[in-house]
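As structure tokens, the structure follows; a few thoughts come after it.
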Amino acid sequence: MGWITEDLIRRNAEHNDCVIFSLEELSLHQQEIERLEHIDKWCRDLKILYLQNNLIGKIENVSKLKKLEYLNLALNNIEKIENLEGCEELAKLDLTVNFIGELSSIKNLQHNIHLKELFLMGNPCASFDHYREFVVATLPQLKWLDGKEIEPSERIKALQDYSVIEPQIREQEKDHCLKRAKLKEEAQRKHQEEDKNEDKRSNAGFDGRWYTDINATLSSLESKDHLQAPDTEEHNTKKLDNSEDDLEFWNKPCLFTPESRLETLRHMEKQRKKQEKLSEKKKKVKPPRTLITEDGKALNVNEPKIDFSLKDNEKQIILDLAVYRYMDTSLIDVDVQPTYVRVMIKGKPFQLVLPAEVKPDSSSAKRSQTTGHLVICMPKVGEVITGGQRAFKSMKTTSDRSREQTNTRSKHMEKLEVDPSKHSFPDVTNIVQEKKHTPRRRPEPKIIPSEEDPTFEDNPEVPPLI
């Protein structure tokens, strides 16, 4: 059985960002709704309302929907037209395939002056004699009835014959009401008989029968002591019984009434619950995965089945997990232990035994914003065990070394010694060399007599040889 809840309306209001109070169109078809409620309080601005193919038996709680223009109540269990006077803007009403037998109840629509279209096909009243003439004469504002346009001549004839048609419609209504009363009594009687049969089946004897045969019971008890029937056979017999009951229900002829529709709904609900119970039984509860054995030894487990890489350096161990890129970080839980690391990804454990002992307190876990990978850095413990004695290595970090270097520098004053011959840059002063001033006229070279020629005489009047 379906109820109109706030959650149901919000789920069907995605086109309005799940906002209820400003909804103008709402579709609640095929929700097995049996009663109209809460809509007039939560969605007062509705203009279009779809409620077809439900189990609504009465039109109610819609009088506050002043802006409602189209109401679809096809394929329901409505037997009377009522409580629509408050829908002032109602222009179209669809009541196809219902159980409306009181045709005179359409007089309640005379106050809806904007009503232009009405659908009543598939109802018991549609088979009455002079049904169309009565509706056309009763509702002068109508322009379309059952998808056919109402012509002025048709309305004039209906108004002329209204005094004759009305008593005939009243008689047909009375006959229909008597038939409905009989059908209701038969439905109640069948329902009571079915309840009694169910009580008998549930309160049957220990042997599953209402008679007691001593020989049969003794033989059954002895057989139970010696041989136990397997569970599969019992399950098969139950399954056969259920299938037989189901076939019997669907093959049983019945009238198309509101009670029969409700009965089919109840039967479908029972079958659904049985299937849910069977599926719950079939579901095998997975045993808890063993991460640490009874001896205290950690195991390697990769239940989420993700890729990973492990890098073992001298100082630290780096684990790179290929976590899904768009997974929320709140779904990841990291636990670093001295000998193993455990990562819970959406409740599934990933555990890896480390090749060396690490420091859990100094470990860090970071996640990449581009790839989504999880990188866990785990520094190693500087402890080496040799021959029963423990020798501790002082694992100095870069910060400790830098501190020692600064302390030694502060103790000894260092001076900067520079060799001018080892300059890496040129001397700016020697880039351009100054040229000495030379006269334009070259001096005449002096003729120096060679010592080898003793007969040489210098004559100044003779020009020099070139």
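Any Cβ shown, glycine's included, is placed from N, Cα and C.
Positions annotated as repeat 'LRR 2' by Swiss-Prot: 45-66. Within the same chain, residues 2, 21-39, 72-89, 94, 258, 261-262, 265 sit at least 6 positions outside the repeat 'LRR 2' (45-66) and bring their C-beta atoms closer than 8 Å to a C-beta of that stretch.
The annotation repeat 'LRR 3' is assigned in Swiss-Prot to 67-88. Sequence-distant contacts of the repeat 'LRR 3' (67-88), counting only residues of its own chain at least 6 positions beyond either end whose CB sits under 8 Å from a CB of the stretch, comprise 24, 29, 44-61, 94-102, 105-106, 108-109, 111-112, 114, 119, 180, 258, 261-262.
Per Swiss-Prot, the feature repeat 'LRR 4' maps to 89-110. Taken as a whole, the repeat 'LRR 4' (89-110) shows an average pLDDT of 94 in this prediction.
The domain 'LRRCT' annotation in Swiss-Prot covers 123-161. A Cβ distance under 8 Å defines the sequence-distant neighbours of the domain 'LRRCT' (123-161), meaning residues of its chain 6+ beyond its ends; these are 95-103, 106-107, 109-110, 112-117, 168-169, 172-173, 176.
The coiled coil annotation in Swiss-Prot covers 178-204.
Annotation source Swiss-Prot lists compositional bias 'Basic and acidic residues' at 185-202 (among others).
Helix, strand and coil residue tallies for the domain 'CS' (301-396), in that order: 3 helix, 50 strand, 43 coil [DSSP]. As annotated by Swiss-Prot, domain 'CS' applies to 301-396, with the evidence given as sequence analysis.
Positions annotated as compositional bias 'Basic and acidic residues' by Swiss-Prot: 398-425 (among others).
For 433-445 (among others), the entry in Swiss-Prot reads compositional bias 'Basic and acidic residues'.
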With DSSP, how much of the repeat 'LRR 3' (67-88) is helix, how much strand and how much coil, in residues?
0 helix, 3 strand, 19 coil
DSSP residue counts for the repeat 'LRR 2' (45-66), split into helix, strand and coil:
0 helix, 3 strand, 19 coil
